[in-house]
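Peer 1: Attaching a single structure in structure tokens format; questions to follow.
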């Protein structure tokens, strides 16, 4: 009897270790599908190990395994944040030791993964029929992916839809559904492929994948040929390393601005975020430069992270950042997270009050968002609803050493462009500075980590897409589909996947 009990206990431990390994494997494969890693095609299969891991498990084990999956995905996908937290920020601001950056990095992974406890928990109630199960699990995953981006700590980075940024045909659906539609599609195919394998019909995977890529290719060939726009701007990529940026004086940056624009006359010149680190509205030299060119220039002022237009010697503030970055630009929930105030950047800022659209000379109505605001689709939506005919983001990505970090940020513009059918220009300190057209095609980009001033010709567009008009309606559809799937399953007398399994 004791031997039998020992055997059963060993079997449970072994199965638990296998399930844990499969969850980690899912996170690893999902990370490898992200921009700058191995291949976006991995996303069609990356959730299959997780689905095997949770099969036959109780609700709490499912919740834990789902958490482990997304925690692994975040730590690998955002590995480039670690040297920023352990090297760059302590070096520049000197507020904490490097080892504490590791703690913060792990806590970031925990915060991002917490919503997926809910996915694992609710996966217990999945119907057994293949169609209802696919609809249910895809809907539940989509629900928690949306919730992860909501609130003071909300962030959309690492969304599995990012793996498809180069699948130009498939991503056209985001003009209707937003990226949540892609999330739903990805999870649906993973569940479908898992069921094929479980039922020993794995060969059916190949025609489905063939159809997906045939559809992608067909849509690409139907898209209009890229056109050169009539609105010309000059984007500056000053390539000032973080190790120098916070020690260089405004006078030196002014000299750099002058040298980079000396060959341009009568142009609209756009600088990255915080080109100057102090309010320079009283600089006579800068005003003199504006007699030659018009500047869209970023610097902090009035306790806000702002963008100004300098035209004919006159400054006007055109936008202040609304979505401030947690812990660096604002302290969310101070009573809870007050201990993390050491992560503060230059200052805690006041958020801007509106998503303002403006003109520069004879330009079409345009808008400028700042840094990681491009991760949030509601920002671009708000600008377009306010009349913006093209989208610009200015950023300082010099904090990050790795190309994967720069690409991850840049591809957010691919999705924002398709969602809104607006051309999207990113202007970055070290790169990537480039232009994406309204169909998500990367039209032009400057070389990374090279000091350059590049001319970009942008095409303005009017009108509102379905997504701009109705926003994240797909979230509500996912809620309805999840409820209806369970309801139909109960009406048919089906048992859910977890019935008979211990909690």
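Yeah, the Cβs are placed from backbone N, Cα and C, and that goes for glycine too.
Okay, these came from Swiss-Prot:
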- 13-32: transmembrane segment (TRANSMEM)
- 34-54: transmembrane segment (TRANSMEM)
- 63-83: transmembrane segment (TRANSMEM)
- 102-122: transmembrane segment (TRANSMEM)
- 124-144: transmembrane segment (TRANSMEM)
- 173-193: transmembrane segment (TRANSMEM)
- 203-223: transmembrane segment (TRANSMEM)
- 231-460: domain 'CN hydrolase' (DOMAIN)
- 273: active site, proton acceptor (ACT_SITE)
- 321: active site (ACT_SITE)
- 371: active site, nucleophile (ACT_SITE)
- 468-488: transmembrane segment (TRANSMEM)
Peer 1: Using Cβ distances below 8 Å and needing 3 or more such pairs, separated by at least 6 in sequence, tell me whether the transmembrane segment (468-488) contacts the transmembrane segment (13-32).
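Peer 2: No, the transmembrane segment (468-488) and the transmembrane segment (13-32) are not in contact.
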Peer 1: Counting Cβ pairs under 8 Å that are 6 or more apart in sequence, does the total for the transmembrane segment (173-193) and the transmembrane segment (63-83) reach three or more?
Peer 2: no
Peer 1: How many Å separate the Cα atoms of residue 273 (active site, proton acceptor) and the residue listed as 'active site'?
Peer 2: 10
Peer 1: Using a Cβ cut-off under 8 Å and a sequence separation of 6 or more, which residues in the same chain sit near residue 321 (active site)?
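Peer 2: Non-local contacts for residue 321 (active site): 304, 305, 306, 329, 349, 351, 352, 369, 370, 371, 373.
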Peer 1: Around the Cβ of residue 371 (active site, nucleophile), how many other Cβ atoms lie within 10 Å? Please give the count over every shown protein chain.
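Peer 2: Its Cβ shell of radius 10 Å holds 24 other Cβ atoms.
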Peer 1: By the DSSP assignment reduced to helix, strand and coil, which category contains residue 321 (active site)?
Peer 2: coil
Peer 1: Within 10 Å of the Cβ of residue 273 (active site, proton acceptor), how many other Cβ atoms can you find? Include all protein chains, please.
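Peer 2: Excluding its own Cβ, the number within 10 Å is 24.
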Peer 1: Restricting to the domain 'CN hydrolase' (231-460), what is the model's mean pLDDT?
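Peer 2: Within the domain 'CN hydrolase' (231-460), the model's average pLDDT equals 92.
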